[in-house]
Structure formats: structure tokens, C-alpha cells
Amino acid sequence: MSSNNIETSYKGKQIGALRRHICTITKICVLPTEGLKIVSSSKDHNIMIWNLEFEQDKISGKMIRHLYGHVDEVTDMSINANGKLLVSASVDKTLILWDLIRGEILTTMEGHKGPVTCCWINAETPHVISGSLDGKVRVWSMDGKLLSESPASLEEHGVTGVAVLQLDQSKN
């Protein structure tokens, strides 16, 4: 198995592979839309959207959109609940908010002093959250404005994952 191919298996047997990335794939997300579409990111700086098709015991796919914008490795990505927005994180110290319907960049978020390693998006709040090897967790608005950052720095360790717990205040 090559790390720059998307391979799928069923009952331990490979049933398909999607080949377009030229470096290691860093993340795969399933789009919550009609049909079966996935999004892949890679160390080759690219994000690709794929349309998958199943035939008996085989899977095939066609790349339907190529998102260019980062100038270094894409480390993480997150898709909002309706599948219309994607945020990507990169070693280039930026986050990019994408319109997946049009395949366009909506905004680029800059402010981390180290590679951005993780991200999360919520269109309901609406916020983007990022973590970086600079030791900071940052909260951004959808238009790219920095809203807040963690007061303490984990600079010696960096941040490699973020999770969000939304509390339902109406039950109090």
C-alpha cells in the first residue's frame, strides 16, 4: 500500500485505489452530500474532491475538483455539517476557508507563528478553531478575523489536536 494513494478494502481484499496525489495523504473526509464524495489532503499542498462509484466488488473514483491555495503541506481539514464549507490547515502557518460548491477560497487566516496542525469548523456558531506547533489554540470568525487565542502557550509541546464540546444552555 502506498501512502499517496487512497485505497479501499472489503473483507481484507483491496477493491480500489485512487491515484492523483504525489505525496503522503494526510486526511480523508466524507462529504455529507448526495452520492458518495470524499475529500483528500496531502503533503503535496493539494486538496482533491472525489466522486466514488461502486460496481459489484470494486470501487472507482474520479477527481472532480482540485483545490489550490496552500504553499506547503496540508496537515488537516474539517468540513461543516452541510458539506458546503471546508477549512484546511497547513505547514505554511495558514488556514484556508473554502467554498466547496464553487471550489473557491473564501478567506485565508494568518496569525500562527508555527505550522498549523489541526482545525475544526462549525457553521452554526460560526467559528473556526485551530491549533499550531506555536503552542496556541486560536478561534476565528468565518471572515478570517482572530476572535481569541489561548492565554497560555504550549510552545514547548505544540498543539496537534482540537476538540469542541458544545453545551446546550437551554437545559440549565
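Residue numbering: from 1, along the chain as shown.
Here the Cβ of each residue, glycine as well, is placed from N, Cα and C on the backbone.
Values in this document were obtained by computation on a predicted structure and should not be read as measured data.
Residues annotated as repeat 'WD' in TrEMBL: 18-53, 67-108, 109-143.
Over the repeat 'WD' (18-53), the average per-residue pLDDT in this prediction is 85. Remote same-chain partners of the repeat 'WD' (18-53), defined as residues 6 or more beyond its termini with a Cβ less than 8 Å from a stretch Cβ, comprise 3-7, 59-79, 81-83, 86, 88, 90, 98, 100, 103.
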